[in-house]
Amino acid sequence: MAINGNSIPAIKDNTIGPWKLGETLGLGSTGKVQLARNGSTGQEAAVKVISKAVFNTGNVSGTSIVGSTTPDALPYGIEREIIIMKLLNHPNVLRLYDVWETNTDLYLVLEYAEKGELFNLLVERGPLPEHEAIRFFRQIIIGVSYCHALGIVHRDLKPENLLLDHKYNIKIADFGMAALETEGKLLETSCGSPHYAAPEIVSGIPYQGFASDVWSCGVILFALLTGRLPFDEEDGNIRTLLLKVQKGEFEMPSDDEISREAQDLIRKILTVDPERRIKTRDILKHPLLQKYPSIRDSKSIRGLPREDTYLTPLSESNSSIDATILQNLVILWHGRDPEGIKEKLREPGANAEKTLYALLYRFKCDTQKELIKQQQVKKRQSISSVSVSPSKKVSTTPQRRRNRESLISVTSSRKKPISFNKFTASSASSSNLTTPGSSKRLSKNFSSKKKLSTIVNQSSPTPASRNKRASVINVEKNQKRASIFSTTKKNKRSSRSIKRMSLIPSMKRESVTTKLMSTYAKLAEDDDWEYIEKETKRTSSNFATLIDEIFEYEKYEQIRKEKEELERKVREAKAREELERRRRKQEEKERARKLLEKEDLKRKQEELKKQIEIDISDLEQELSKHKEEKLDGNIRSISAPMENEEKNINHLEVDIDNILRRRNFSLQTRPVSRLDPGIMFSSPTEEVSPVEPKRTENERLTTEKKILETIRRSKFLGSSFNIDKELKLSKMEYPSIIAPQRLSEERVVSDSNDGYESLILPKDGNGVSQLKDSTATTAPVSDGRLRKISEIRVPQFTRKSRHFSESNKRLSVLSMYSTKESFTNLVDILKNGNLDVNNQQSQRIPTPRSADDSEFLFETVNEEAEYTGNSSNDERLYDVGDSTIKDKSALKLNFADRFNGSNEAKQTDNLHLPILPPLNGDNELRKQNSQEGDQAHPKIKSMIPESGSSSHTEKEEENEEKEEKKPEQHKQEEDQEKREKVVDDMEPPLNKSVQKIREKNAGSQAKDHSKDHLKEHKQDKNTAIGNGSFFRKFSKSSDKTMELYAKISAKQLFNGLEKLLRGWTQYGLKNIKSHPNNLTLTGKLSSDNIFSLRSTLFEVNIYPRGKMSVVQFKKVSGSFKAVKKLVNEVENVLNKEGVLQK
């Protein structure tokens, strides 16, 4: 029995909790190490007994921690040892089972290592074979690397602190001098044995703890291979020894003694400069260790944490701080602000908070994994226990389980935790209880006096090694811990029992580990010694709470979950109440709003009603006043009849009809001619009824239909003008009148042309003929006026054709359908009566400008006069039949009409000029008899060039040459050409028209090679491009480039242009991409640019030209006009900068 200095027995029957103390394994300056055995499971352990008097005197060496000058540091070195050893969980690190205390001593229950110290093995055997020495050395390095990854430095590595278990595996022990490598500070404590100490330690300068442990491992490797130390003095002169260590002077063994790989590794480890010294992870990769591989050690290496775990512990938890671990750190730092700890965890560099967080997090994960494994083992054993023989005396009955107070089951596995259950003192002493995880050495003779270590270490107590390591599981939650061994329950004063350190004075707390006293001096001055005699207790409740929460995780986790669930329910209830309150408030607002709207609507209705009444009264007054004025006016001439307002209205309608009739007849009183395809005339045998004075409603609708058709033909509204819609609107004005008959597709010629005899012109005949003037007078029309075609007034929106002289000033849609050969001065015909056809043909006016250029539809008269010569609107206006094409579908004057309607056509013997699509939806024209026209008349040359001719190709080549030579001359025409595209799937033209010859500069001649070029050009296309059309043709312009020459280098110009174009992104440039390798820039001019240009993709290439450079602008797609504008802007900038070569 151990007796303390005050002669107060602290241990009853030589037991400490469930552990019965046995023989002493070693003695040290701070205490001794005793062998212990669990009374219930038979598990062996080494108990390190430390006197509390050491803490009061402050003689514990190595108690200084890095950063201990800060208020956040842990107060005692022994606390550091408890926390670190409890949290470390590695096969090559000695395990701490539990901690107990009395009023005089502190008991650390450690893992028991049967084979003792490595030092004893070296003394007995001497130098070890290289493969065996490397096996020990590798396990040492793995354990040290594990500690370093968690920011822990041992600082006292030597063979005396390296223990061996029953399988001769290394167990690193004695963390009494361990320190946290934190806050980036250097350790300043000179500790460790001088033979194994690093040069920076013996020199007394601040040192890096990681490097010093590596030096100690190098000395141990030297001793394992040679059986001696590299730094030693036979005479024991410490001063000479320290000088050798400072200089790193030692004698390297020869090749006969150790291998070259071993020499290389020792040389790299025993390097004086700690910065150049090899690291632990690099040692594991050294050829010497790779020379002797081990499967078990390889698994341990793979399970090592990251080297910088202590620097970035949050990376393992997804950068979110665990609330449980944070609360533990708050307790560990004695109620420190959690926000301050969070800032420490997130700031760069190493600190104590990060190290302990990493340790706590790994311990929590390992505990959860082991708990799951143990539960699975229990399930399997519960199933297998059914088949156990009744003769086996295993106390597993429920009655005996209810009587237990503290049964500890230590598993044989080093990682399986200890199980704590309740049991009574009598049952503990009488029952032979075993659990599934109990040790296999239950039959070991505990009374044996066999010593496991004959070497006494005077510097520090060396605990014996454990057989198996165990970790902690939770205690039953609804039971309170009582005295473990008690002789009687009535006499508590004489019991002298030992309480667990986790107990608080209320005896409602329980723990599976211990906490040392926070203020031992206060206990020494306490007068209530009876209380101290009666029981030992924990005095640092904060630290006790920390230990309980860490190592009884499941119990406190359940409490936390219940608390969180309660808080969640409270929050949900509050949220529901708040939601209900908001809903009621919203409903009240909605009701108030509806009430206000209802009142406002009622008020507005009343105001509107009053206003209507006022307006009605005003109108009545005005009406009465108007009647009075009318009566006053009639008084002057009583005999005169009163004016009939209805009659005036009828007169007005008649005048409107006359105007419409005049316009309609102006289109039909012209002589029979092929100039105007809009005029349809019947055969000579048809008789036309005269116009009645009063037109019916159907005739009025017919007239409106013809007017709308003429407007559409004028190309002013085009296909966008919906004629049927307009007719429907006109019919709505007269809903009672319904047209009884369908309008005729052919137009009826009025009797104003009765003086002439209508001629049926052949299909290919010229649009001129000698007129017969038998009467020389025209018939009167219904309104009594004479009608002539010269009296027609055509609106100015139509274009002016330059094929006619200034004298007649013919501004009519007819000119768009005319040809040079078919031109006839109709005014002269009407005035002179006859006109010689041959003379007329000989007097045709040549085309002053090419009809191959484009022209917009909606231009003013002046603009048309300026650009009509180059306009492409003089192209094919209508097609004349060809002998090779007979059954073509009707011509569709509108571009969109070509793709609509049926292709059926009626056969007729008479030739009718082309007409627009009729209003009844039939979009085809009558087919024409081509054979008769081919024999009677030659083909008429059209004003539109044929798309397949070689002359057309010449025009395109000439236009491209003009664009290159004079880019600013035809700027508008180029922009239009860029916008035009070819519709490949258009229907073929009805008739092939003769090419229109362009004469420029007094007779330029067509080139022969252009025809060859045309043939090659045709082969590259799938469909014909030049389909005859009333509209302009769309063609895709070829890619063209423009170049500028600069005086600077290509690279400098490339950088300048890249910055310039990127600076213009706010003005419409987008997607500027640079390719420095080939000096190319690409980009896009968006449609919303400041110049209102089309969206265009362009490419800029820069080529070196000696010391100068050439920049080439290329249009990828879009408008070449936009590219030209961009080139002009870039040219202006380069000219201002003075880098443009002129």
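Note: Cβ is positioned from N, Cα and C throughout, glycine not excepted.
Features of the protein shown, as given by Swiss-Prot:
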DOMAIN    19-289  domain 'Protein kinase'
BINDING   LEU25, GLY26, LEU27, GLY28, SER29, THR30, GLY31, LYS32, VAL33, LYS48  ATP binding site
COMPBIAS  382-395  compositional bias 'Low complexity'
MOD_RES   SER406  phosphoserine
COMPBIAS  425-440  compositional bias 'Low complexity'
MOD_RES   SER465  phosphoserine
MOD_RES   SER471  phosphoserine
MOD_RES   SER617  phosphoserine
MOD_RES   SER689  phosphoserine
MOD_RES   SER719  phosphoserine
MOD_RES   SER805  phosphoserine
MOD_RES   SER807  phosphoserine
MOD_RES   SER883  phosphoserine
MOD_RES   THR884  phosphothreonine
COMPBIAS  923-937  compositional bias 'Basic and acidic residues'
MOD_RES   SER930  phosphoserine
COMPBIAS  962-984  compositional bias 'Basic and acidic residues'
COMPBIAS  996-1021  compositional bias 'Basic and acidic residues'
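Overlay of Swiss-Prot annotations on the structure.
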residue : record           : DSSP (3 states)
LEU25   : ATP binding site : strand
GLY31   : ATP binding site : strand
SER617  : phosphoserine    : helix
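Mean pLDDT for the domain 'Protein kinase' (19-289) in this predicted model: 82.
The two recorded residues GLY31 (ATP binding site) and SER617 (phosphoserine) have their Cα atoms spaced 121 Å from each other.
Within 10 Å of the C-beta atom of VAL33 (ATP binding site) sit 24 other C-beta atoms, taking all shown protein chains into account.
Of the listed recorded positions, namely LEU25, LEU27, GLY31, SER617, the sparsest CB environment within 10 A is found at SER617.
In this structure the C-alpha atoms belonging to VAL33 (ATP binding site) and SER617 (phosphoserine) are separated by 122 Å.
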